[in-house]
């Protein structure tokens, strides 16, 4: 957990101009990691840098495979939550520190949020992890080849 913060949080904070400009794609890392550990038994770092969509940012390119498509759908889910007004950027930043909670029962994450934003973010994270669950944990990080 601390490794996730040490690697990602400084990049997000400095790379986007401070906490008030963090995009929805970069929100909720700790929460997302908890959902992944619950359902998969390992954290989100297994997917960092995979394909065109997994990890920091995205290229907008076509996903390299179905795992990458899961990441694209996750990014688009967070983006939709922001664009439809469910969450504001500051809320998404706070989400990085535990806006929502999950209950883990028999390797299934259940969202326990206090507001619509928390529930929406949790739903995005659970859907991404359940998508990853359909495929084997990647041993090799497929790369995005820009055209």
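The backbone N, Cα and C atoms fix where each Cβ goes, glycine too.
Every protein chain shown contributes to the tally, and the Cβ of residue 74 (active site) ends up with 24 other Cβ atoms within 10 Å. Residues or ranges marked as active site in TrEMBL: 74 (among others).
DSSP assigns residue 125 (active site) to a helix in the three-state reduction. Taking a C-beta cut-off of under 8 Å and a sequence gap of six or more, residue 125 (active site) has these contacts in its own chain: 28, 31, 32, 35, 74, 109. The active site feature in TrEMBL is assigned to 125 (among others).
Residue 57 (Ca(2+) binding site) carries neither a helix nor a strand DSSP state and counts as coil. Annotation comment: TrEMBL describes 55, 57, 75 as Ca(2+) binding site.
All protein chains considered, the CB of residue 54 (disulfide bond) has 27 other CB atoms within 10 Å. Summarising the annotation, TrEMBL assigns disulfide bond to 54-71 (among others).
Secondary structure at residue 131 (disulfide bond), as computed by DSSP, is helix. Annotated disulfide bond per TrEMBL: 70-131 (among others), in sequence order.
Here TrEMBL flags 77-124 (among others) as disulfide bond. Counting only same-chain residues six or more apart in sequence, the Cβ atoms lying under 8 angstroms from the Cβ of residue 124 (disulfide bond) belong to 74, 77, 78, 81.
The annotation disulfide bond is assigned in TrEMBL to 87-117 (among others). Residue 117 (disulfide bond): 22 other CB atoms within 10 A of its CB, across all protein chains.
What TrEMBL records for 111-122 (among others) is disulfide bond.
If you look up TrEMBL, you'll see 28-145 marked as domain 'Phospholipase A2-like central'.
Taken from TrEMBL, the feature signal peptide covers 1-17.
Of the binding-site residues 55, 57, 55 has the largest number of other Cβ atoms within 10 Å of its own Cβ. Ranking the disulfide-bonded residues 71, 111, 122 by other CB atoms within 10 A of the CB puts 111 at the bottom. Restricting the recorded positions 57, 71, 75, 111 to those with a CA within 10 Å of the CA of residue 131 (disulfide bond) leaves 71, listed by sequence position. Residue 87 (disulfide bond) sits 14 Å from residue 75 (Ca(2+) binding site), taking the Cα positions as reference.
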